[in-house]
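Trainee: Mind having a look at this structure? Questions to follow.
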Amino acid sequence: MASVSRRLLRRETIPCFSHTVRKLFSTVGSPSFAQRLRDLPKDFPSTNAKRDASLLIGKTPLVFLNKVTEGCEAYVAAKQEHFQPTCSIKDRPAIAMIADAEKKKLIIPGKTTLIEPTSGNMGISLAFMAAMKGYRIIMTMPSYTSLERRVTMRSFGAELVLTDPAKGMGGTVKKAYDLLDSTPDAFMCQQFANPANTQIHFDTTGPEIWEDTLGNVDIFVMGIGSGGTVSGVGRYLKSKNPNVKIYGVEPAESNILNGGKPGPHAITGNGVGFKPEILDMDVMESVLEVSSEDAIKMARELALKEGLMVGISSGANTVAAIRLAKMPENKGKLIVTIHASFGERYLSSVLFDELRKEAEEMKPVSVD
């Protein structure tokens, strides 16, 4: 073993091995060799390997939509946030809110219990972060959220509390606050009111869009859940070019931002039934309404025509973007929207009703 250590230390091509090897083979009051070996990748100085999965967040690709935009006056590109570690855009605010709370010493791994109301994707992202950092986490969520989301959160160790779907996200939020009051050492990230949610999109998502379009983006379209994405990206793009137009998207069946009433809809993650505190209405030209039916239809078309298997809110964003792209006044302009999550997360939802039934009824063929 000592000879191996000496050979590694002599390698001129990897001079920074010395610290790592000394740590690996040292016997001074340290853990077992096996434990040191397991810890080695975290400190290995000469690789491009990420220290942990949280460093995979961000830098998602921007892709033009081609077939679904036939006949449009403008170009439409969609940022593919399902390339994130947990396959949704919510990884960005999840890491930002936890990092912000840790920096302010509001939470401590192994001691604090995180509690958060969610429609699914934020819950998955927070559960992912909690698992890595060692937090207990409890999620409240409407019972209409898909089975895939529940199972995914549980796989990260999250505890789930389902709420009455008729009471929407308002009921889910109320239950979360009840748990916050009754749970010792509990903390809520408060995605609907936490400035870190907006700031991470100003710091990362917005600049990525600006860089990938070489500053040529004319219009940005985004569905409104917590409001963090449209507010943060909107502010950033307007700081670079005040002429960029920003549009929000909400379900037609729950159009409270346009003066309507909250109601049931299928665009999970959007249309929370109230105006979130962090939502910046002033950054937007207007909030476009998209029906659940149109959003579902478009999500299916994106898979069939573009090879992009995305969720229902991504379908809604695309419907709104195409609507703007068909306007003569937008001829030749570049419209950017976001595909917020991966479609596989919705296999048990209405999005795949027909295909799921077809798959369940398939019969095996005989093989000679």
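Each Cβ is built from the backbone N, Cα and C atoms, and glycine gets one as well.
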Trainee: For the pyridoxal 5'-phosphate site that Swiss-Prot assigns to Gly225, Ser226, Gly227, Gly228, Thr229, Ser313, which of the candidates Asn121, Asn255, Asn258 is also assigned?
Mentor: Asn121
Trainee: Whose Cβ lies within 8 Å of the mean position of the Cβ atoms of Asn121, Gly225, Ser226, Gly227, Gly228, Thr229, Ser313, the pyridoxal 5'-phosphate site, other than those residues?
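Mentor: Not counting the recorded site residues, we get Ile89, Lys90, Pro93, Met122, Gln191, Gly223, Ile224, Val230, Gly269, Asn270, Ala340.
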Trainee: Let's check the environment of Ser226 (pyridoxal 5'-phosphate binding site): how many other CB atoms sit within 10 Å of its CB?
Mentor: 27
Trainee: Within the chain of Ser313 (pyridoxal 5'-phosphate binding site), which residues six or more apart in sequence place their C-beta under 8 angstroms from its C-beta?
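Mentor: Listed in sequence order, they are Gly223, Gly225, Ile267, Thr268, Gly269, Asn270, Ala295, Ala340, Ser341.
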Trainee: Given Lys90 (N6-(pyridoxal phosphate)lysine) and Gly228 (pyridoxal 5'-phosphate binding site), what distance in Å do their CA atoms have, once rounded to a whole number?
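Mentor: Gly228 (pyridoxal 5'-phosphate binding site) has its Cα 10 Å from the Cα of Lys90 (N6-(pyridoxal phosphate)lysine).
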